[in-house]
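S.K.: Please read through the structure below; I'll follow up with questions.
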């Protein structure tokens with residue numbers, strides 16, 4: 001439905017997605033796009049002018065998407081924001097996952113609140129060059145469920161875009177919910193006039209995830225958002241062998257911890273093994289994983305990030321995995337992906353130019 005054009009699969013007498021009767025007229029009955037058209041913003045919207053003015057101070061806008069929940073999209077968004085901020089960029093991280101806002105926890109900002117000034121809503125800052133906005137800061141109780149229909153979600157997203165005062169930003173990272181529903185349509189339409197650099201799509205290797213990622217890629221192509229690349233997350237369990245726990249199955253079927261015994265044998269018989277990284281496939285990647293899907297759909301593949309318990313711990317504790325040397329498996333993989341993203345999209349020039 002790019003630029004308000006009538007979708008190819010629309011009913012014969014479609015009034016057009018920008019019409020006031022879109023999704024509501026008799027001609028819309030049974031159309032696969034009926035719900036999307038009914039909830040999408042219609043006609044000229046004065047708020048889009050305010051949004052364009054806010055976004056004029058943002059050099060680059062990147063969406064982080066996933067076809068399915070639980071693939072580590074928000075973890076990637078958080079670590080991308082940390083990495084860019086560590087390069088001395090001015091970075092904003094906008095969480096539009098209205099029903100499941102996890103960004104405040106992953107940035108170590110739980111319990112923080114939004115403040116207002118004459119300039120608008122102020123982001124919550126991790127560092128002076130890394131600000132965050134999320135509905136998670138607005139909930140009186142973190143256990144409260146957000147039970148909203150599409151129009152109210154769209155209204156909050158629009159308010160985030162037009163009322164939050166970010167100041168001058170090099171990057172605005174938008175962490176979206178999984179799927180291709182109201183929030184995605186809203187963010188794309190609201191940012192349409194301000195130029196979105198593109199989307200990074202996060203998946204896991206197995207087909208049950210890739211099936212939905214293909215839909216995400218199709219969504220981006222339909223709405224005119226460039227796919228900057230696909231990240232295959234949780235691509236095998238990888239961790240130092242010294243962090244493993246070894247168990248022995250007893251005759252009764254119970255598991256007995258023999259970790260210290262195994263470690264003692266390695267220390268005595270083969271100490272060089274203590275420096276090894278243990279790796280194991282977790283998800284079935286026999287179908288070719290994200291690499292094959294990217295080749296088939298003509299989109300870039302950015303790289304693989306292993307399932308690293310220490311990265312999970314960093315996310316739980318709201319800290320950067322790059323801040324120390326603990327995430328020995330995941331941090332180098334993430335750094336390689338981010339460097340590739342910046343190089344292939346011309347963003348590395350910002351570093352060399354000191355922008």
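Positions of Cβ are set from backbone N, Cα and C atoms, glycine also.
All annotation found in TrEMBL is predicted automatically rather than curated by experts.
TrEMBL lists 14, 28, 31, 37 with the feature [4Fe-4S] cluster binding site. According to TrEMBL, the ATP binding site annotation covers 67, 68, 69, 70, 71, 72, 73, 74.
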S.K.: Beyond 67, 68, 69, 70, 71, 72, 73, 74, what residues of that chain have CB atoms within 8 A of the centre of the ATP site's CB atoms?
M.R.: 66, 178, 202, 203, 204, 209, 233
S.K.: State which of the following binding-site residues has the fewest other Cβ atoms within 10 Å around its Cβ: 68, 73.
M.R.: 68
S.K.: Which of the listed binding-site residues (67, 72) has the least company, meaning the fewest other Cβ atoms within 10 Å of its Cβ?
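M.R.: So among 67, 72, the binding-site residues given, the one with the fewest Cβ atoms within 10 Å is 72.
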S.K.: Residues other than 14, 28, 31, 37 within 8 Å, Cβ to Cβ centroid, of the [4Fe-4S] cluster site?
M.R.: 10, 11, 15, 17, 22, 23, 25, 27, 33, 34
S.K.: Looking at the binding-site residues listed here (68, 69, 72), whose Cα lies nearest to that of residue 31 ([4Fe-4S] cluster binding site)?
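M.R.: Its closest listed neighbour, by Cα, is 68.
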S.K.: Which of the binding-site residues 14, 28, 37 has its Cα nearest to the Cα of residue 71 (ATP binding site)?
M.R.: 37
